[in-house]
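Please read the structure below before turning to the comments.
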Amino acid sequence: MDYPQQHIKPYNEDGKKTEQVERMFDNIAHAYDKLNHTLSLGIDRSWRRKAIAWLRPFRPQHIMDVATGTGDFAILACRELNPDELIGTDISEGMMNVGREKVKKEGLSDKISFAREDCTSLSFADNRFDAITVAFGIRNFEDLDKGLSEMCRVLKPGGHLVILELTTPDRFPMKQLFAIYSKVVIPLLGKLLSKDNSAYHYLPDTIKVFPQGEVMKGVISKTGFGEVHFRRLTFGICTLYTATK
């Protein structure tokens, strides 16, 4: 199926969205962590903890963190869940290089590894992982259905999927406040801290049109997952989706 965010590209150039997303994240990798925590006022850490708390009872030993970026979620998941193996995948080597340094400093290089992967064409075998996580990256998929289908393919039967994604609040006054914040504050801070003006216009543009709530639940369900649920966090600014294969 065709989704609006798939046509939004960071630099509005001809060519594949994936290539532009890769270039964008390579460009902002040096400032990404600072921006992420600043723009969310640090609340993103609590969102990650809620996602990991949902996984904890299942004790997954082999985890893939898709769109791992600089490895924030991977590091926290490794510390909290203590899996045998955690592979962070991303298309941006710039982001993963930052992640590799962080993992080394944390002393987790024996548990966490990184691999350059296109989420719509994963190189892993079927039924490979106990759990798959995606934190704030699924909006960037060039083909949402294909990406979800690939994650379902490499997840073991009975395995679990956890997605965190930024969403638009649907109630007054947060809806109006978030609209102003995303239209004015996010692009301004993004330009000041990352020096990439396009990246932080792209972010609110994709949040606005990305499937959310019941619609996203349906998208996940049709790609092979069951027991799909969602929970809105912090007045709907973020949504946690969970599913089982």
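Numbering starts at 1 and runs along the chain as it is shown here.
Placed from the backbone N, Cα and C atoms, the Cβ positions cover glycine too.
Bear in mind that the values here come from a model prediction, so they are computed numbers and not experimental data.
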With D90, D118, C119 listed by Swiss-Prot as binding S-adenosyl-L-methionine, identify the candidate in T70, T167 belonging to that site.
T70
On the three-state reduction of DSSP, what should I expect for D90 (S-adenosyl-L-methionine binding site)?
strand
Please state whether DSSP places D118 (S-adenosyl-L-methionine binding site) in a helix, a strand or coil.
coil
Would you mind ranking the binding-site residues D90, D118 by how many other Cβ atoms sit within 10 Å of each Cβ and giving me the lowest?
D118
